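Trainee: Supplied in structure tokens, the structure appears directly below.
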Amino acid sequence: MISLNALKFLSKNLLAILGVGVFWVFVVLVHSCSLSSSSLQKKLVVGKGERKVSALMESTLKEMRNGSHDNSVNGKFGFGGGVEDVYGEDRATEDQLVTPWTVSIASGYTLLRDPHHNKGLAFTEKERDAHYLRGLLPPAIVSQDLQERKLMHSLRQYDVPLHKYIAMMDLQERNERLFYKLLIDNVEELLPVVYTPTVGEACQKYGSIYRRPQGLYISLKEKGKILEVLKNWPEKSIQVIVVTDGERILGLGDLGCQGMGIPVGKLSLYTALGGLRPSACLPVTIDVGTNNEQLLNDEFYIGLKQRRARGQEYTELLDEFMNAVKQNYGEKVLVQGTASVVLAGLISALKLVGGSLADHTFLFLGAGEAGTGIAELIALKISKQIKSPVEEARKKIWLVDSKGLIVKSRLGSLQHFKKPWAHEHEPVKELVDAVKAIKPTVLIGSSGVGKTFTKEVVEAMASFNEKPLILALSNPTSQSECTAEEAYKWSKGRAIFASGSPFDPVNYEGKVFVPGQANNAYIFPGFGLGLIISGAIRVHDDMLLAASEALAAQVKQENYDKGLIYPPFSNIRKISAHIAANVAAKVYELGLASHLPRPKNLVKYAESCMYSPVYRSYR
């Protein structure tokens, strides 16, 4: 019999040990007793205080001592085994409420269903004995490396990328460490599976492939109680939140609630590439409806079936969300957004095309918030080089939207974020005419519209540039402004090309060109790690510049020889450590660090802080 004092101790300390919060229920199971479902349901308390849990246990023990509990082995309840319908679920009518019981102690069957601790066949003999796993697993004991080889073999049998994505998500939901080890060790092969371009298709079909929640959904239904919703998330020490409202998912447009695939994918990369603990990451989708008619009419759609909320209703929901995040997780939580990977590619490309950023002229196709955000970071870097205001640097950058070149004569009809980019020039409607008029050295696509860098556009770029720099950034692959093969072929092998989605190497006239991928996965994991290890109290634009410079510095001559302006992803963890160190150094330099004193070697410190997916041994 377990003592009353021991139960009191458990009731108080499990709250601290397990992080039990509002609405959590836990049950302590002991071999010496079993409780009738009616008694348990009478005693069930759902609440915040440990006193309620302690009182419940005291009351239950008193009943047991007085013999009022039904401990008979009568086919309904009993000791040890052979227990039938313990919780009364089978005997309940369909309209009768039952309790969704859960066991708090990770052992036996529960341990095998816990993705944070499950090791599958890698549990040792000693662990199988200590954690009641005998008979629940086949007798073979295999290493994590063998598990990895087996899974990679299985994944390579799939021909359809979406099937690989589903298999990877299934693995993440049953064995977290093995998922991350697989992704880290095979990053170049699996990155296109868990992130762009496959994640785009996954978002489009998210309602059909949805199995279990991977993040937090906050909809208009939760308005006024978002703080309570945040407290429902089981992990309490959150450091990074990635949020989407699903309106603009890659180049696929409004996917509503199904945009959850993006924050889930990004945060997987924060862990795999940047070394953040999985438990410190929170994916969030803000569901305010969708204007996608196909989704509104889809019986399998998992979000709100209503038109998107706009204006005050939308703003109030976001304000409540941000305030709830600060209240629940503190001021230092990082909500992710990035644009500096493009700047890193441009800095790197200067070694191939020559000059400084200020010597070049940039033309963007796409003047949305993504395009203008990238343009602003480039302008900031140029302004620091020429020691002039950013307004002066903006004159080197031109943007084209759906109505043509952004010029001053259009100021009255422009959205606010486009106005800084309106320069003096006659109106130009078509991209190819803008290219011929502006004569840019760098052409950047962020339009989300495929096939817009036509043969005529690329040939025009090549006519006045020895090495035209062409970045087709839109995702997924189907929305890319042009393919790698088109860029190399139409420029007669002279283009320096990078894209948002991956393309295979191209053989042109006997020479193999390896296209780079301007993937923000290069930047945001290391950037986030740098902010966290320094304890940054605020994000400054100079930190984004520091991240870009660190990434550009990782490109080696052997990469340049292949026409690459980004380093290979196979070294991504080392790259992330250098980015984190450079970002952290800038944080300390600006006096915005709260983790003091500053470590002597920031690169080594960043590496030491990285999450390792190698299995742990259990007592």
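Any Cβ shown, glycine's included, is placed from N, Cα and C.
Note that TrEMBL annotation is computational and uncurated.
Taken from TrEMBL, the feature domain 'Malic enzyme N-terminal' applies to 172-347. Annotated active site, proton donor per TrEMBL: Tyr195, in sequence order. Taken from TrEMBL, the feature (S)-malate binding site covers Arg248, Asn475, Asn519. Under the heading active site, proton acceptor, TrEMBL lists Lys266. Taken from TrEMBL, the feature domain 'Malic enzyme NAD-binding' applies to 335-588.
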Trainee: Cβ neighbours within 10 Å, counted over all protein chains: which one of the recorded positions Arg248, Lys266 has the most?
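Mentor: Result for the most crowded candidate: Lys266.
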Trainee: Other than its own, how many Cβ atoms are within 10 Å of the Cβ belonging to Asn519 ((S)-malate binding site)?
Mentor: 24
Trainee: Neighbour count, 10 Å Cβ-Cβ cut-off, for the residue listed as 'active site, proton donor': what number do you get?
Mentor: 27
Trainee: How many Å separate the Cα atoms of Asn519 ((S)-malate binding site) and Tyr195 (active site, proton donor)?
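Mentor: The separation of the Cα atoms works out to 10 Å.
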Trainee: Once the chains shown are all counted, how many other Cβ atoms turn up within 10 Å of the Cβ of Asn475 ((S)-malate binding site)?
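Mentor: Other Cβ atoms within 10 Å of Asn475 ((S)-malate binding site): 23.
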Trainee: Compare the Cα of the residue listed as 'active site, proton acceptor' against each of the recorded positions Tyr195, Arg248, Asn475 and report the nearest.
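Mentor: Result: the closest of the recorded positions to the residue listed as 'active site, proton acceptor' is Tyr195.
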Trainee: Max Cα-Cα distance in Å among Arg248, Asn475, Asn519, the residues listed as binding (S)-malate?
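Mentor: Overall maximum Cα spacing for these binding residues reaches 17 Å.
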Trainee: In this predicted model, what is the average pLDDT of the domain 'Malic enzyme NAD-binding' (335-588)?
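Mentor: Averaged over the domain 'Malic enzyme NAD-binding' (335-588), the predicted model reaches a pLDDT of 94.
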Trainee: Taking only the Cα atoms, work out how far Asn475 ((S)-malate binding site) lies from the residue listed as 'active site, proton donor', in Å, as a whole number.
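Mentor: Asn475 ((S)-malate binding site) and the residue listed as 'active site, proton donor' have their Cα atoms 11 Å apart.
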Trainee: State the Cα to Cα distance, in Å, between the residue listed as 'active site, proton donor' and Arg248 ((S)-malate binding site), rounded to an integer.
Mentor: 16
